[in-house]
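Feature list (source: TrEMBL):
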| type | residues | note |
| --- | --- | --- |
| REGION | 1-25 | region 'Disordered' |
| DOMAIN | 77-289 | domain 'Sulfotransferase' |
| ACT_SITE | LYS86 | active site, for sulfotransferase activity |
| BINDING | ARG169, SER177, TYR282 | 3'-phosphoadenylyl sulfate binding site |
| DISULFID | CYS283-CYS289 | disulfide bond |
Amino acid sequence: MKTEGSKREKDRATAEKYEGEKQASQKRILLEKYKLGHSSVEDILNGIKPPANPNIHIFTEEDVANEPDDPRKRVFPHALIIGARKAGTSALQDFLTLHPDIMAPSSEPAWFFTDSKYSRGLGYYRTLLPSVKDGQISIEKSAEYFHSPQVPERVRSFNSSMKLLLIVRDPYVRMVSDYMFMKRYPYASKCIEKKFTFEEIAYDETTGQVNTVYGGLKRSIYYIWFKEWLRFFPRKQILVVDGDEFAKKNPGIELTVVEKFLGVQPVLTEEQFFFNETKKFYCAKATGCLKVDKGHEPIIVPAHVQKAIHDYLSPLNQKFYDLVGRDFGWQ
């Protein structure tokens, strides 16, 4: 005869099995939602992209030239920081605006990739940009520009001479950081990162395969997005910044290179920055450190999941090195 203890054990096992099946079902549903309207890595590598909205007018250099002068002297950007997300775009822009001749908006305009904003036109875009004085230039950034398929063509049509800044970091580290960002992001309450662990989303334990539909992975495959940008812009108009070096070393070193690329006077030096021992990254003496939500404690990911992702990314990283002409030495 079964004891009361064995019955409770069986009930607990049944409840755990049910909960496990429920969680697995929820994950499958959410991943399918990711898949709907989102290409897999393989699709993107094969040139299959979501179709552009044919009803949206693409603004041209002629449109820009015909735009009336702005009484508040808000000018269109001289350069864009196009990404990559969670690679240091905020730090790069914040440090660049320490330069007296570089102005940037206080928040991301997101104009080139948000159809509802883009459709409102050039006049609306200008309201999102800062006023400048004589001799100053305007820049703006959105970490979403780099991996948004419609953006390169829109930017080239808008200004074929636009200078582009791309900051990248170790793709696996960026992927984990992206996951942590979405997990704590307050405006995406139903995102998959809030419901599952990194390894549950990024890796399929049943097949032993990396989930190539996951957006966090796709944003780390720099090769596919950089190749698209090179369809519209010559390599000389894109400066690629090593985000790992930018974070580990004094940013004044890399900012000197960026100043030259942008064509502004060299002003930014290593003496303007200090290493914050608490936050474990560099801050500006004049303005302090980045806001509190920048940086986070790393998560522990099982070794076999790390290896699977590294193995998947490795050949694609090499293709990126070949396009850029630089080996970043990522694992």
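Count begins at 1; order follows the chain as displayed.
In case you wondered, yes, glycine gets a Cβ from its N, Cα and C as well.
Here the structure is a predicted model, which means the values were calculated and not measured.
Structure with TrEMBL features highlighted.
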residue : record                                     : CB count, 10 Å
LYS86   : active site, for sulfotransferase activity : 24
ARG169  : 3'-phosphoadenylyl sulfate binding site    : 23
SER177  : 3'-phosphoadenylyl sulfate binding site    : 21
TYR282  : 3'-phosphoadenylyl sulfate binding site    : 22
CYS283  : disulfide bond                             : 18
CYS289  : disulfide bond                             : 17
Key: Pairwise CA distance, CYS289 (disulfide bond) versus SER177 (3'-phosphoadenylyl sulfate binding site), rounded so that it is a whole Å   = 19
Ask   = From the Cα of SER177 (3'-phosphoadenylyl sulfate binding site) across to the Cα of LYS86 (active site, for sulfotransferase activity), what is the distance in angstrom?
value = 6
Key: Longest CA-CA distance among ARG169, SER177, TYR282, per record bound to 3'-phosphoadenylyl sulfate, angstrom   = 18
Remark   = Averaged over the domain 'Sulfotransferase' (77-289), the pLDDT of the predicted model comes to 95
Key: Rounded to the nearest Å - Cα separation of CYS283 (disulfide bond) and SER177 (3'-phosphoadenylyl sulfate binding site)   = 20
